[in-house]
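Colleague: Here it is: the structure, laid out below.
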Amino acid sequence: MKIGIPREIKNNENRVGLSPSGVHALVESGHTVLVETNAGSGSFFEDVDYKEAGAEIVAEQAKVWDVDMVIKVKEPLESEYTYFKEGLVLFTYLHLANEEKLTQALIDRKVISIAYETVQLPDRSSPLLSPMSEVAGRMSAQVGAEFLQKLNGGMGILLGGVPGVPKGKVTIIGGGQAGTNAAKIALGLGADVTILDVNPKRLQQLDDLFGGRVHTIMSNPLNIELYVKQSDLVIGAVLIPGAKAPRLVTEDMIKQMKNGSVIIDIAIDQGGIFETTDKITTHDDPTYIKHGVVHYAVANMPGAVPRTSTLALNNATLPYALMLANKGYREAFKSNQPLSLGLNTYKGHVTNKGVAEAFEMEYKSVEEALQL
């Protein structure tokens, strides 16, 4: 199989689809890998590293896309839609429930798109989303602490406080991978941390994990309002695989927050959980202020720490990439149910229910679409 690794073009996206070690594994399995010039430089992988791993380095972006399978990090931008072709396997994060134009382009060009975030194990965990959820969760607490500083628009609070001064209050909505990792860092900074989740069993697990050092609260509209309005930092970390994020925090709740408080919407790439995060921001211009509250809505948070993120992502995605390359997508889907759940579009059909519902499109199951 011929595989392409293009350079990411999203604002300040410095991750790369595969590290040199991942490329080497594919080449050793008999596949041809084309890597776009400087694709890995943002993660401090140079062209020579890929060349030594067995890749062919190409300067033309079109050539990297003229392959059997493209492995990326983030969803293609509009300038890349022109490279879509029937039968192309696209393996990347897609978050299509918030990307109607991209979804339509994939359907029109009959691309076989596999989204990292919807690959799901029997225990409902997301093995290809988890590494970046861990990174984004940990970053969210660090970023929140930074933007609480007065010079960054915040109210001038130190999350850990000092003797005789209260700690900063951090509320995390969602107790999954991202929320749990946000709590770890917030606790490490000395903050007063509350996690809200809809699953009582998960709250029990979190209570055990943190030894009672975090407040675990059932998530419902009344509790969300109560804890949001008294918080200095609110982190949104709710995920429904493949579907748009639920808007759990209303504009009225935001209006009740203190001036200079901060919200971090980790779920913004799926539409966000705050009614007031009505636009996606970038690493170049990461925040805006609405109702006196600092809003951080960067959709590719892990892109700011690309070396860590690329290595973590490569560890998770490489086994699936090898499966697709070695077996072909049909046999790979047949033999691996979690991978088949990653299929979002197939030759003109939407094969993810959450995406179909988001845009009122016709849905076909993977088995029906592929006639497995």
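Backbone N, Cα and C atoms are what each Cβ position is placed from, and that goes for glycine too.
The active site feature in Swiss-Prot is assigned to His95; the stated evidence is sequence analysis. According to Swiss-Prot, the feature NAD(+) binding site maps to 169-199, an assignment based on similarity to another entry.
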Colleague: Suppose we draw a 10 Å sphere around the Cβ of Gln177 (NAD(+) binding site). How many other Cβ atoms does it contain, all chains included?
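Modeller: Excluding its own Cβ, Gln177 (NAD(+) binding site) sees 21 Cβ atoms within 10 Å.
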Colleague: Give the residue from the recorded positions His95, Lys169 that has the most other Cβ atoms within 10 Å of its Cβ, counting over every protein chain displayed.
Modeller: His95
Colleague: Per DSSP, to which secondary structure element type does Asn181 (NAD(+) binding site) belong, with helix, strand and coil as the options?
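Modeller: SS state of Asn181 (NAD(+) binding site) = helix.
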Colleague: Taking the Cβ of each of the binding-site residues and counting other Cβ atoms inside 10 Å, which one has the highest number: Ile173, Ile185, Leu189?
Modeller: Ile173
Colleague: Measuring Cα to Cα, how many Å separate Leu189 (NAD(+) binding site) from His95 (active site)?
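Modeller: Leu189 (NAD(+) binding site) and His95 (active site) have their Cα atoms 31 Å apart.
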